[in-house]
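First comes the structure, then the notes that go with it.
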Amino acid sequence: MIDVKLIRENIELVEENLRKRRSKVSLDKLKALEHERLDLLKEVEQDRAKKNESSKKIGEYMKAGNKEEAEKIKEEMKNFTESLNKKEEKLSQLEEAVNNEILYLPNMLSEDVPDGDDEKANKEIIRWGEPRKFDFEVKDHVDIAMGLDILDIERAVRMSRTRFSLMKGKGAALERALINFMLKKHTSEHGYTEYVPPILVNGRTMTGTGQLPKFEEDLFKTTDDPALYLIPTAEVPLTNIYREEIIPENMLPLYCTAYTPCFRSEAGSYGRDMRGLIRQHQFDKVELVKICAADKSKEEHEKMLKDAESILQALELPYRVVVLSSGDIGNAAYKTFDIEVWLPSQNMYREISSVSNCWDYQARRMQMRTRRNGKTELVHTLNGSGIAVGRTWIAILENYQQADGSVIIPDALRPFTGFDKIEKPN
């Protein structure tokens, strides 16, 4: 969440940030609640001062032996104190209501985020590798996989519903190899510590990273009371590991990684990417999370981008990097780099990783701090896909397809697959 002090002292900045984001969030209710809170706060402070003055007088009378006057003031203060207690309770409720409204507000944006309505305003900053030129008709990943008998969408839909898939044989082995390859690279070369986190988490955990309360419709949840939520990304449990803790400065920065299945309802994407594995309700992802001191997050953001890029470079998959525009960036992000991999069947780059600096937005929600120079201060949090496994699977099939329908396995991946080619079954 953004700093309530910013809202109280410079709400015009918050309004401008909403305008830049093309956000439909209204500040009207928040302004009304804050106005009511301030009026009541003045009353409460005046009443507290009066109560303190009366308590002082009672003490003076008692000290002077004038018990009668002291008891008289005590009697007069009974109703007054009861009224003050009710006002303080109301003030507490208003403060909670203000904080609940603030939870719906998006993060403030970095000054260098491109201003624009949507993805068309994203700014390309890196392009790596040359898309392969094919001398045969290019197939998409679905046709390739079905021809190789490594994917069964029909049976997956029958046991679940649309946007689910069933990999098998060397298709399943390729998925597993990608997970192991990514984790090994991030842990052995980039300094991340691997975790195996819960994939069902509570509402407070989802609120900490910003999925709740605003994006509940995008989540799958249990019918328990209180409900548990299936994670949409391992960012959620990894970032929450140190929630409500003061992290020793000498432990920072913390580098965390995990492979998990991820679950999203895709409520807002009806009709988009219905064919194949691009947009699934369940998908595999290796996630990267960093927790660092506030003055290090910009530097760590650039390093995390390179960590994610290294996967595609090792697999020799062409990609580009864009800075997301103000109208396309996620709610919790201060600045985001998207890595987009080349898909020959679509003749375009498609997102395969988002790498975001969330500044102190998540840390404030979680009350996650460090102590520096004798003072506690909020840490900064960063997250990035390191990378989306299913979309990497797609990219390998499409970029390494052969004229006979087979798929060559990238050299870097062969120690993890145990085979160098996927061929049509006899």
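Placement of Cβ uses the backbone N, Cα and C atoms for every residue, glycine included.
Just so it is clear, the model here is predicted, and its values are computed rather than measured.
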Candidate from S92, S110, S385, S406 that Swiss-Prot assigns to the same L-serine site as T233, A234, E235, E287: S385
T233, A234, E235, E287 screened against I352 (ATP binding site), Cα within 10 Å - retained binding-site residues: none
For S385 (L-serine binding site): intrachain residues, at least 6 apart, with Cβ closer than 8 Å: T233, K285, V286, E287, L288, A308, I352, S353, S354, V355
Cβ-Cβ neighbours of S265 (ATP binding site) (radius 10 Å): 17
T233, A234, E235, E287, S385 excluded, remaining Cβ within 8 Å of their centroid (L-serine): V236, L238, A258, T260, C262, K285, V286, L288, V289, N383, G384, G386
Same-chain residues at least 6 apart in sequence whose Cβ lies under 8 Å from E235 (L-serine binding site): T209, E287, V289, N383
Residue pair A234 (L-serine binding site), R264 (ATP binding site) - Cα distance, angstrom, rounded: 12
